[in-house]
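S.K.: If you scroll down you'll find the structure; I have some questions about it.
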Amino acid sequence: MTIESTNSFVVPSDTELIDVTPLGSTKLFQPIKVGNNVLPQRIAYVPTTRFRASKDHIPSDLQLNYYNARSQYPGTLIITEATFASERGGIDLHVPGIYNDAQAKSWKKINEAIHGNGSFSSVQLWYLGRVANAKDLKDSGLPLIAPSAVYWDENSEKLAKEAGNELRALTEEEIDHIVEVEYPNAAKHALEAGFDYVEIHGAHGYLLDQFLNLASNKRTDKYGCGSIENRARLLLRVVDKLIEVVGANRLALRLSPWASFQGMEIEGEEIHSYILQQLQQRADNGQQLAYISLVEPRVTGIYDVSLKDQQGRSNEFAYKIWKGNFIRAGNYTYDAPEFKTLINDLKNDRTIIGFSRFFTSNPDLVEKLKLGKPLNYYNREEFYKYYNYGYNSYDESEKQVIGKPLA
């Protein structure tokens, strides 16, 4: 199979440019140890959902070219797009999974390209919960499940009722199955696929975050009752189980303390401090995670947050609790070309900076940041399409090209 060159990606001539001051002499380009690996610089591509897998959730040739291009700068940490941990976890078309052999074999080809470029990979395990597509689940004989039967908005309730697949609360037996079977199965396939790290998606209003959040968790059992310990129980059970499967030094977690995306209420420091305390206790006993990824208060899901609404919100509290590595991500280009916030947030030796949207339009983002070359502004209109246009190419003919399974 032919892998396209990075140089084949040419954006439209009217694309807006963002000026960049060279960052090659900053801490961004100093090494950092993450688990058992030493990354030569501190830039990560954090997950961007793009819908370019095959319709049956197998990674495609389009994704192979995409991740190969974005891992060309040696030592880049590529955290692949949110990836379904099980069929029950989500069934949206063209979203990749990591729960069967064909998916693992396809991801392995992508990882071989990433590793061949001298870079590193992490897979983000995704479980949708109440924000899943009720009709698609119904068509596959699967339920729409969540911590509690609380819809995230009126439209999602309407669609679920029309599909005849109304939202219901998970039973404790189903929760046990998620912890003991579904997540471990995905993690084992991730190891078979050659991923360096496995990241648990605990952010942005998806299932694990739904348990954390009072807006979505109305349970009256050991996973609810309003208490922090109960609401965090499922997340920490998943962490502990996957430590057994992949090892703590290959495991990671993503959190979004300040997000109000998909019907969530901002939980802020309290419950996230508890989670970090629990993870630090595990680290003190020799089970330190590879990294914790934090979403900055500048963004909530796919939306930017106004400066006014960011006031009083910061992820600095996390450094006082967790002593391991952090990835921090969320609109770090807002103060370009100087990148003063980025430089300030690198003041310690435990931080990696994540970029997402600008990686979509700049396969060579790492080199551009190092040398101070202008960045192409991203085109969100093409983020969630199935074809190759706006993904690996801007040739109009690529609107007819859909990804083919790699295995």
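Just so it is clear, glycine is given a Cβ too, placed from its N, Cα and C backbone atoms.
Heads up, here are the entries from Swiss-Prot:
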BINDING   T49, Q124, R254, R357  FMN binding site
ACT_SITE  Y206  active site, proton donor
S.K.: Measuring Cα to Cα, how far is R357 (FMN binding site) from Y206 (active site, proton donor) in Å?
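M.R.: Approximately 20 Å lies between the Cα of R357 (FMN binding site) and that of Y206 (active site, proton donor).
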S.K.: May I ask for the distance between Q124 (FMN binding site) and Y206 (active site, proton donor), taken between their Cα atoms and rounded to an integer number of Å?
M.R.: 12
S.K.: Quick one: give me the count of other CB atoms within 10 A of the CB of T49 (FMN binding site).
M.R.: 18
S.K.: Do any residues at least six apart in sequence from Y206 (active site, proton donor), in the same chain, have a Cβ closer than 8 Å to its Cβ, and if so which, in order?
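M.R.: The answer is W126, Y127, L128, G129, V131, Q262.
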S.K.: Using DSSP with the three-state reduction, classify Q124 (FMN binding site) as helix, strand or coil.
M.R.: strand
S.K.: Quick one: among the binding-site residues R254, R357, which has the most Cβ atoms sitting within 10 Å of its own Cβ?
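M.R.: When each Cβ's neighbours within 10 Å are tallied, R254 leads.
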